[in-house]
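Worksheet for the structure shown next.
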């Protein structure tokens, strides 16, 4: 009779859940590692914000110390600068041009354009060639005239120069007073057949009272060339 072979059977009595416990421990370790990394990042961010706040606080304190040591006038320096700029913009000023066809007055001062092109009046008035001040003070007055002719002008051959001058009219004196005068002659470089060109510029600071007038005179006014208003001009502004 044939014998039957039975398979071997092994019986384990305890610790049947060891593999499952190991898997659970690995998951817990991973979760703890993630929490630790997140906490470290939060701590670094907090430290950075704290450092930045400390530097800003120190900067604010240093600026406060600097301002505290400034003189009283220094605290309002920017306001004073702005006020000065505004006051300069409001100062009396005028620029007149020679673009007007009536530039040359017969027997009188040169006449000027007050509105067209670059010409303007601000805080000053104009009357028959004269700039009239409305406020007393120091003014920079200036004038430029473009001169032209053919050969030596009649009357200059004897050595008399062309006179270009700024003159003041005041109620305290019966005659015009010289402020600035230039004298020049083209006869040394001109002959009877050639056209010559020349220019004269005057400028300086003078004191004027309210109501006083400043005019420009060129006795040989037929030599003045108005042109386009940029060659001959007259102006003043308070300094």
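Using the three backbone atoms N, Cα and C, a Cβ is placed for every residue, glycine included.
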What range among 38-58, 59-79 does Swiss-Prot record as transmembrane segment? 38-58
Across all chains shown, how many C-beta atoms besides its own are within 10 angstroms of the C-beta of residue 152 (disulfide bond)? 17
Helix, strand or coil for residue 152 (disulfide bond)? Use DSSP. coil
